[in-house]
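Notes follow once the structure below has been shown.
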Amino acid sequence: MAKGVFITATNTDIGKTYITALIVKKLREANINCGYYKAVLSGAEIINNNIVAGDAKYVYNVANIKGNPNKCVSYIFEQPVSPHLAAKLNNVHISMDKIVDDFNYICNEHDYITVEGSGGIVCPIYYDKEKIMLTDIIKKLKIPIILVSSSGLGSINGTILTLEYIKKHNITVNSIILNNYDKNNIIHIDNRIILEEMTNLPVYICEQYSKDIDIPLKELKQFYDFI
């Protein structure tokens with residue numbers, strides 16, 4: 001039976017893909033069969049007239065995963081907009097059943113699954129007669145969250161508000177990772193201390209341009225839960 005975790009963030013462009021890639025890389029370098037999955041990707045790359053899931057390609061490259069990265073993303077859109085708007089622009093119906101089926105397929109191929117979200121935690125995935133929010137997917141997959149946040153000014157507010165929203169939806173958060181952390185920045189240092197005290201969660205850091213995630217392997221594995 002596979003174990004999974006969901007990587008989400010306090011906002012878009014916080015560094016989910018970067019952190020996800022480092023996590024998958026760390027597990028795979030420890031000879032752990034870890035895979036990657038993303039339900040919906042917008043803002044895809046066009047290479048040689050072919051659409052490419054850029055986030056997935058990045059994770060594959062960093063973590064040295066072989067194969068076609070498009071196969072680990074259920075829906076891929078070219079427009080760099082919210083998933084629900086991308087689906088509307090392309091007249092595509094996003095199906096929860098397909099997401100679950102694709103996720104289960106990845107699970108059958110791996111022992112650990114790292115799932116990357118889209119945007120921040122409050123992200124409409126499909127918004128028509130049927131409505132799917134990102135939190136609906138997380139609850140359907142029944143896996144806990146690692147929350148990625150910024151390290152700088154405003155991090156406390158954004159992190160606490162995100163955690164309150166997650167708590168409202170009865171989803172477990174295992175840890176927080178502060179991205180682009182500067183060990184010499186007094187704001188970053190204080191944010192980490194305050195967030196640990198306010199949330200009672202372990203708060204890890206990832207310095208800019210890091211090639212490894214600063215989380216002990218034993219602790220990282222504990223954040224994954226059985227699916």
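Just so you know, glycine gets a Cβ as well, placed from its N, Cα and C.
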Same-site residue for Mg(2+) (record: Swiss-Prot; known: T17, D55; options: E78, E109, E116, E130) | E116
Where the distance is taken from Cα to Cα, which of the recorded positions K38, S42, E116 turns out closest to T17 (ATP binding site)?
-> E116
List nothing but the one residue from D13, D55, E116 whose Cβ has the fewest other Cβ atoms within 10 Å; the candidates are the binding-site residues.
-> D13
Cβ-Cβ distance under 8 Å to G15 (ATP binding site), same chain, at least six residues away = A9, V148, N179, N180, C206
How long is the line from the C-alpha of G119 (ATP binding site) to the C-alpha of S42 (substrate binding site), rounded to the nearest angstrom?
-> 10
